[in-house]
Protein chains: 2
Amino acid sequence: MANGLPNPLLTAGAARSLVDSVDAFLFDCDGVIWKGDQLIEGVPETLDLLRKMGKKLVFVTNNSRKSRRQYSKKFRALGLEVTEEEIFTSSFAAAMFLKLNNFPPEKKVYVVGEDGILEELRLAGFECLGGPEDGKKNILLEANFYFEHDKSVGAVIVGLDQYFNYYKMQYASLCIRENPGCLFIATNRDPTGHMTSAQEWPGAGTMVAAVSCSVQKEPIVVGKPSSFLMDFLLKSFNLETSRMCMVGDRLDTDILFGQNTGCKTLLVLSGVTTLSELQDASNTIHPDLYTNSIYDLVGLLQQ
Amino acid sequence: MANGLPNPLLTAGAARSLVDSVDAFLFDCDGVIWKGDQLIEGVPETLDLLRKMGKKLVFVTNNSRKSRRQYSKKFRALGLEVTEEEIFTSSFAAAMFLKLNNFPPEKKVYVVGEDGILEELRLAGFECLGGPEDGKKNILLEANFYFEHDKSVGAVIVGLDQYFNYYKMQYASLCIRENPGCLFIATNRDPTGHMTSAQEWPGAGTMVAAVSCSVQKEPIVVGKPSSFLMDFLLKSFNLETSRMCMVGDRLDTDILFGQNTGCKTLLVLSGVTTLSELQDASNTIHPDLYTNSIYDLVGLLQQ
């Protein structure tokens, strides 16, 4: 808490000392870099300035709908030069979690989620089933219908899934309940997200809540605010968390993630959190600094 | 706790004194009367015996997939003579909740659920939308897609829904979040249920958990273990809860419901709860008595 106030606004002085005290900026994407498919104003200038100042930039998103490769295409389509190696998605984190935990290659992974998870799992060498394809499948909730599932599934990954249905919920539940040792992994628990520019939509947290209720078990979370993503990130880069700043629009994922892992934290109001939510007495998560959008850095650093 | 033990088994003496001390038996259906579409052994004889002893029988189910009319057909198909008036479903409870709370007739109800809820709402004179029909609807989670919802929806009811999808989750979320005063009602929160004879399936609790996560709000629950159903039941019959016995197979709904409302409670092991779950140190819900199935009453009362 820079100046003793619970939520200090980013000023020119605070911006300067923030930039001086960190080597890397970790950016959440949705609500910070873009909203849906729309770039937020001033983002290219801000990223350019920070790169020119020698800062390392990392993009950390809980959105599991795309793989790192697909995200790097999205960045390029929006006119931003960002490499795959600079992108950490919760879909990638889920695949890396299995890899680091020596998930047996003969076991399969059942996916409640979209293509991003499937692609990252395949790139990591895992066999998976489920995904968008199972969104077309129906069940017959009738008398003697028996739902079969693959006994060789050793992990279920649940992420955001616009094709979520009862079939997948039962498939995931049976694997978790009946396959001995089957892992239950959540990409993240965000209740909502700006999946389109205009509106909030149910987030991965809703699918996770449904499956978790069905199996009466809590998942392992690999995305923000879990520290797994950070541990993996630190292994990939030569960085210290005390010299990093996490920039995000969500208190309960981005800012909490930054705090859980020992980063400095900057909340931007260009996404889901409003100033009144930040300042509400019920809020217990306080960033080190807040500002309207990352573009403010450009103006403040040039004063 | 009849004999000082936390979970006393039903004996001949206990059965006799139970029957002597109550005027009415409330039966859960799934796991007590039937499993899926299969009648549990000895049920007709047991119900006959209790009716002959002058006991009032009431059937209380959290399953909202059918209306009271549809349930009475199911009872008849299984060879049991049970009238609509003896049946209390969570679908009926949801409609009665709106009626007793003077829900404005010009407002609409959005339903995440199946035909039972739609039928009970229409019988009670309410206009509703959603239901199985919306299970066929897709959304386009793309750039500028804008999801419209009906601003005159004044209540969302969430129950078991084998046609649950992302479309309905967003529709329900927008109504609850954006329509002023919109009620969020759950038929029940059962995590699972024997929707078929052979297996457990995700229950209404999973759909409720998903919507509740999306809107970050808790629902009003009208089914078991909420006391709303009991208050309504007491208004319908001239009964005292201290002279009722709730018979069910679930600790967290049936037995808790009985205890919340001051009934005697009898757990049967013919459904989802096993003896080891009942006796597990982590279990905090203890019925007055337990037995294998309601058929045991016949043998014990004739000793």
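Cβ coordinates come from backbone N, Cα and C, glycine included.
No curator has checked TrEMBL annotations; they are predicted automatically.
The Mg(2+) binding site annotation in TrEMBL covers B:D28, B:D30, B:D249. Its Cβ placed at the centre, B:D249 (Mg(2+) binding site) has 24 other Cβ atoms within 10 Å. According to its DSSP assignment, B:D249 (Mg(2+) binding site) is coil.
Taken from TrEMBL, the feature active site, nucleophile applies to B:D28. Around B:D28 (Mg(2+) binding site), the same-chain residues at least 6 positions away in sequence with a Cβ under 8 Å from its Cβ are B:F59, B:V60, B:T61, B:N62, B:K224, B:M246, B:V247, B:G248, B:D249, B:R250, B:T253, B:D254, B:G271. The secondary structure of B:D28 (Mg(2+) binding site), as reduced to three states from DSSP, is coil rather than helix or strand.
Sequence annotations record features per position, and here TrEMBL assigns active site, proton donor to B:D30. Its Cβ taken as reference, B:D30 (Mg(2+) binding site) is surrounded by 22 other Cβ atoms within 10 Å in the chains shown.
If you look up TrEMBL, you'll see B:K224 marked as substrate binding site.
A Cβ within 8 Å of the Cβ centre of B:D28, B:D30, B:D249, the residues given for Mg(2+), is found for these other residues of the same chain: B:C29, B:G31, B:V32, B:I33, B:T61, B:H194, B:G248, B:R250, B:D254, B:V268, B:G271, B:V272.
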